Amino acid sequence: MSAAARLSVKNLALGAGVCAASGLVYALENSVARASDQVVHPYQLPWPHSGFFSSFDYNSVRRGYEVYKQVCAACHSMKFLRYRHFVDTFMTEEEAKAEAAEALINDIDGNGAAIQRPGILTDGLPNPYPNKKAAAAANNGAAPPDLTLMALARHGGDDYIFALLTSYFDAPEGIKVDEGKAYNPYFPGGVISMPQQLYDEGIEYKDGTVATQSQQAKDIATFMHWAAEPYHDTRKLYGLKILALFPIVAVVLLYGKRQAWTFIKSQKFAWRTTKGREPPTQKQ
């Protein structure tokens, strides 16, 4: 066998080996079961604020805050939310000030001593735990996450939150649920450290709305979306204004374009024959 033939066989063997190794790695990678694969995707719901021209239902946002305050605030923080954000959205300024004053905020006085004072509008919602280790120790080793941006941090957003809060079931055959945990098909892996929190008439709404489990889940999901995007409605309003101005801007740009290019596009070139400078003729 010639040297060229041996080199060709060697290259073919090397290529086959690389292909086989790549196929093996791909097969092993796709055979690994991930917790994120064992999850049910939430169904899409017709949220009132999901439309292009739609705003939040602020009655629902206010009820959602009641759910957070009475149910969720015992474990979950919302550290990026301030009481001033409530003003002129779902509370008046006086209501927001009264709400803030109910909270005790850790502070330092003029002498450097640690004190607790009533909250003011610029304060954030209080954290139920002093630090993450204390939060984990109080919840079987799983620190409850902050909820401020949760509606944007989870795939499915409002749909995921609603489905998660209303879908606690007995674990099916083959799934082990340790003590202190619960089965929820919408949570990655199916086993969640948070037990069921929402029950029919588990709270009482101030506006008299019947507090069914689904109503509470809908309201807290709406509130969490508002907390993640407090300028949601303002952004859409700016979009409408831009759409209204777009035709005017388009006309101005078109006029400017015609003014800038008209002398170029309207030019004509002609060959003027002068004696002794006739255009060349093609030879027959």
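Keep in mind that glycine also has a Cβ here, set from the backbone N, Cα and C atoms.
TrEMBL entries are annotated by machine, without manual review.
Features of the protein shown, as given by TrEMBL:
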| type | residues | note |
| --- | --- | --- |
| BINDING | Cys72, Cys75, His76, Met194 | heme c binding site |
| DOMAIN | 59-214 | domain 'Cytochrome c' |
| TRANSMEM | 237-256 | transmembrane segment |
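The 10 Å shell around the Cβ of Met194 (heme c binding site) contains 19 further Cβ atoms across the protein chains shown. Considering other CB atoms within 10 Å as the measure, the emptiest surroundings among the binding-site residues Cys72, Cys75 are those of Cys75. If you take the C-beta of His76 (heme c binding site) and look for same-chain residues 6 or more apart in sequence within under 8 angstroms, you find Tyr68, Pro128, Pro144, Pro145, Asp146, Leu147.
If you take every residue in the domain 'Cytochrome c' (59-214) and average the pLDDT, you get 94. Among Cys72, Cys75, His76, Met194, the residues given in the record as binding heme c, the maximal Cα to Cα distance rounds to 11 Å. Close to the recorded heme c site, the chain also has Val71, Ala73, Ala74, Pro144, Leu147, Gln197: residues not among Cys72, Cys75, His76, Met194 whose Cβ is within 8 Å of the site's Cβ mean position.
Reduced to three states, the DSSP call for Cys75 (heme c binding site) is coil.
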